[in-house]
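Chemist: Just lifted these from Swiss-Prot, have a look:
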ACT_SITE  Asp8  active site, nucleophile
BINDING   Asp8, Asp10, Asp212  Mg(2+) binding site
Amino acid sequence: MARLAAFDMDGTLLMPNHHLGHETLATLARLRERDITLTFATGRHVLEMRHILGAISMDAFLITGNGTRIHSQEGDMLHRQDLDPAIADRVLHQAWDTRASMHVFNDNGWFTGSAIPALLQAHVYSGFHYQIVDVKRIPAHQVTKICFCGDHDDLIRLRIQLNEALGERANLCFSAVDCLEVLPLGCNKGSALAVLSDHLGLSLTECMAFGDAMNDREMLESVGRGLIMGNAMPQLIAELPHLSVIGHCRNQAVSHFLTHWLDNPHLPYSPE
């Protein structure tokens, strides 16, 4: 029996309308009744996730910013990792050949250079909002991560540029097909979950995790049971062929799987 369950949010727990379904909430409550510890492992900001937890009255640990921050159920920071200031400065100030928009995150929030209303649709549940600033004036020593949002093919070309400029001094990953993230070296959801499990006195073999994107890869492959969403990025499924694929987030597939796991743990599972 798993003792810790880790959940990605977008494309996993959240439905396509960016809300948590009633079945999902009921199943999470059942896990807590079984004394299974919950953690939400997401690229979203901790300020947003605290609002969501308050809205659903749920106790959970938070892994936010794709592993840059870990917070306890009481809101205490357990772990932090920022971008190397030299890396942040380079990314902020270099002229990149891309049409993608740049988004900068630190403990104070989400910052970008101009309004992009379409991006706010993903935050309708919480009302979390970017702040419009001159991103080049953000102090480099306060940056947790930098994201570029745009066309996937354009982001692939940008990733080549970033790799050439940064080398092995940062982690680059696609948290969605339209979002490329620059993270601190060695920082990902998997490494953060290892820190959290150690804090809780658990081994990763006692954890299960759910995800759909390449920023979930390390987490999914490191736990005792990793589950991939049916709507996952094809690259994730291809790189982790030994992991089970469940249903689509629109059908609250995490709840469907966990209900079976709680009620019939010894029977084979089918997403149908």
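Glycine residues also receive a Cβ, built from the backbone N, Cα and C atoms like all the rest.
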Chemist: Given the recorded positions Asp8, Asp10, Asp212, which one is most crowded in terms of C-beta atoms within 10 angstroms?
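Modeler: Buried the deepest by this measure is Asp8.
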Chemist: Expressed to the nearest Å, what is the distance separating the residue listed as 'active site, nucleophile' and Asp212 (Mg(2+) binding site) at their Cα atoms?
Modeler: 8
Chemist: If you take the centroid of the Cβ atoms of Asp8, Asp10, Asp212, the listed Mg(2+) site, which other residues of that chain have their Cβ within 8 Å of it?
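Modeler: So the extra residues in range turn out to be Met9, Gly11, Thr12, Leu13, Leu14, Thr42, Gly211, Ala213, Asp216, Met229, Cys249.
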Chemist: Quick check: in three-state DSSP terms, what is Asp212 (Mg(2+) binding site)?
Modeler: coil
